[in-house]
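Student: What Swiss-Prot lists as ATP binding site is G12, P13, T14, G15, V16, G17, K18, S19, and the listing cites sequence analysis. The substrate binding site annotation in Swiss-Prot covers T14, G15, V16, G17, K18, S19 and is backed by sequence analysis. For T103, R125, the entry in Swiss-Prot reads site 'Interaction with substrate tRNA', with the evidence type sequence analysis.
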Amino acid sequence: MPSKEKIVVIAGPTGVGKSASTLPLAREFGGEIISADAVSVYRCLDIGAAKPGMEDRRLVPHHMIDVVDPDEDFDANIYAAQARAIAQSLHESDKRVFVDGGTGFYIKALLYGLFTEGRSDPELRDSLRREAAQLGSHALHDRLKDLDPPSAKRIHPNDAYRITRALEICILTGKPASAQQAAHGFEESPYDVLFFCLHREREILYQRTDQRVDQMLAMGLEQEVRGLLENGYGPELKSMQSIGYRHMCQYITGALNYEDAVTLMKRDTRRLAKRQMTWFKAYPEIRWMAPDETEAMRREISLFLE
């Protein structure tokens with residue numbers, strides 16, 4: 001039986017310091033980085049996604065960043081297909097593959113695949129989107145509460161994209177999307193994986209996420225969002241529902257004052273970090289590391305890649 005191709009994953013919650021660990025390790029071992037971040041795939045969403053700078057990308061090639069425009073459809077299925085193709089190309093070129101990110105569902109999709117019952121119907125999807133435009137996403141969210149309460153609890157009432165997708169799966173399959181995901185055991189991974197997850201004390205992590213928000217605002221997040229809106233990328237788009245972009249849209253459109261928008265942005269960033277930690281704790285194969293344990297990670301990677 002042929003040996004599996006090897007992948008090193010360095011995951012963790014937002015603000016923990018993943019890139020500062022992954023970049024030097026990938027460079028040292030002759031690797032390239034596949035990003036696993038649900039916001040970084042969108043072009044023009046730069047500050048709020050905290051994308052690596054061009055100098056970092058010059059030092060180590062990064063993939064799955066700036067893949068689609070803000071108004072294009074993108075999900076974990078698309079991510080998995082594209083990321084797996086990149087991983088195969090890198091392996092064929094004798095490059096080491098490093099995966100860096102905090103979007104656990106994308107990482108799981110890359111490593112293990114996704115459930116296949118979530119079929120799609122473009123006509124049904126367009127109909128649901130028109131309904132959302134006419135009645136508002138909250139009306140569809142109420143409908144989702146009846147058909148799939150767990151998904152409704154997980155999805156924000158303003159997130160029209162995810163609401164319509166969950167409804168589409170419910171209608172097409174007759175089963176809640178949440179039940180299908182829970183029942184799916186995922187396929188055996190085609191990769192041999194060394195999986196690290198970085199962690200910090202909760203209070204320190206939350207201090208860092210608050211500082212991260214302040215830094216994004218100082219870098220011009222509001223101006224970036226205004227530019228996106230002026231270019232026709234509306235608040236209803238999936239990309240614009242991301243943390244930071246959603247809050248600045250609400251401020252710019254008058255739904256929130258600036259102080260409240262910033263307060264909610266910090267709160268929601270902390271909540272995201274907490275959810276991400278909960279997600280990664282479900283992986284029994286993870287090696288938990290503090291961000292400053294670079295030498296320990298280096299030793300394990302060296303042994304793994306031999």
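Cβ coordinates come from backbone N, Cα and C, glycine included.
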Student: Among the recorded positions K18, R125, which residue has the largest number of other Cβ atoms within 10 Å of its own Cβ?
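Tutor: When each Cβ's neighbours within 10 Å are tallied, K18 tops the list.
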Student: Out of G12, P13, G15, G17, which of the binding-site residues is least crowded by other Cβ atoms within 10 Å?
Tutor: G17
Student: How many neighbouring Cβ atoms, not counting its own, are there within 10 Å of the Cβ of S19 (ATP binding site)?
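Tutor: Taking every protein chain into account, the count is 19.
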Student: In whole Å, how far is T103 (site 'Interaction with substrate tRNA') from V16 (ATP binding site) when you measure between their Cα atoms?
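Tutor: Cα-Cα, rounded: 13 Å.
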